[in-house]
Amino acid sequence: MSLRTLVFCFLGVVLLYGLFTIGFPFLLAMLVAILLEPVVQALVRYFRMGRMLSAAAACTLFTGLILGFVYLVGFKMVTELIQFWNNAPDYINEAQLFFEDATAKTQLFYETLPAGMALQLQKWIETGLTVLTENIKTIVTAISGYFVSVAKTIPSLFIFFVVFVIGLYLISFSLPKLHESFLNLFDKLSRGKVTAVLADLRRAILGFIFAQFMISVLTYVVTLVGLLVLGVDYPLAIALLIVGVDVLPVLGTSVVLIPWAVYSMLSGNSHLGIGLLVLLLGLMIFRRLIEPKIIGDAVGINALAALVSMYVGFQLIGVIGLILGPVLIIVYQALRKAGLLKINIKLDT
């Protein structure tokens, strides 16, 4: 591999890192604009609409769907939180009655034991309660800190969304010109190869989106089965809410299941609380097992390459690396397939 090729690869990695960090709103806007392009072309062809009007209609429809989904999920969450807050005194009273009943039963049990054994048992229980109290405080503090961190990201998410929407409209309006300007950066002999690379990348992006959809569907099924086994009311709606929260930035299934499990244990329903924690653990293991395989098959790379790229990306740059890692593998394969990148290792004897 020549020095020039190494320099271009290094600059490409730096550019991709910049796009996936600072420039991520514009990258996302570009990807969505490319995915909406068939809709724009259909509006131009069948409804005789101009390019600007067709692009505006497609972008407005997409933005409306996103806002509608966020509103429905957010409205449901806020409604449930308000209802939970209003019922909080009843929940506290239930927990207090549970502990008082448990204390009374324990006292009766003490009276049937020898004095020495009862004293030793009481010390063990006090130690256990102290450890349990400290753990509960730690869990509550962690959950509170998590919600505070989520709340702090809301302004940033709002700015991100505004920049994304504006970028989506502007890019969609001028996408053909941007495509032509990009191809003009290459000579005539290379344009065909670049076009092939872009086509492979588009197929990979569509495959990645399909893979995420399939992962969400499978997560919904596993969550629904778990809730049905636990005998939870409204399992269909709750499973949908959990999956909806799971696909949102920053959030995940734990933001729903952990507080629910803690409340269930405090209110005396330890069976449900433990079951929810087991469900959360099962979901985490399930996703780690199926995610590399589904993403690898959808974007055209094997499961091992997908797993390694996601793990290395996560270790190097965090959550963004889970996406950037497979993207680098996809770009590398597309460049090699088009003949733009050749690596031939020769060992002199």
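Just so it is clear, glycine is given a Cβ too, placed from its N, Cα and C backbone atoms.
Residues annotated as transmembrane segment in TrEMBL: 7-35 (among others).
Annotated transmembrane segment per TrEMBL: 55-75 (among others), in sequence order.
Here TrEMBL flags 157-175 (among others) as transmembrane segment. Sequence-distant neighbours of the transmembrane segment (157-175) (same chain, 6+ residues past either end, Cβ-Cβ under 8 Å): 24-26, 28-30, 32-34, 36-37, 40, 51-52, 55-56, 58-59, 62-63, 249-250.
What TrEMBL lists as transmembrane segment is 204-230 (among others). With a threshold of 8 Å between CB atoms, the same-chain residues lying at least 6 positions outside the transmembrane segment (204-230) that come near it are 31, 34-35, 236, 238-240, 242-243, 246-247, 253, 271-272, 275-276, 278-279, 282-283, 286-287, 290-291, 294-295, 297-300, 326, 330, 334.
As annotated by TrEMBL, transmembrane segment applies to 237-262 (among others).
According to TrEMBL, the feature transmembrane segment maps to 268-287 (among others).
As annotated by TrEMBL, transmembrane segment applies to 317-335 (among others).
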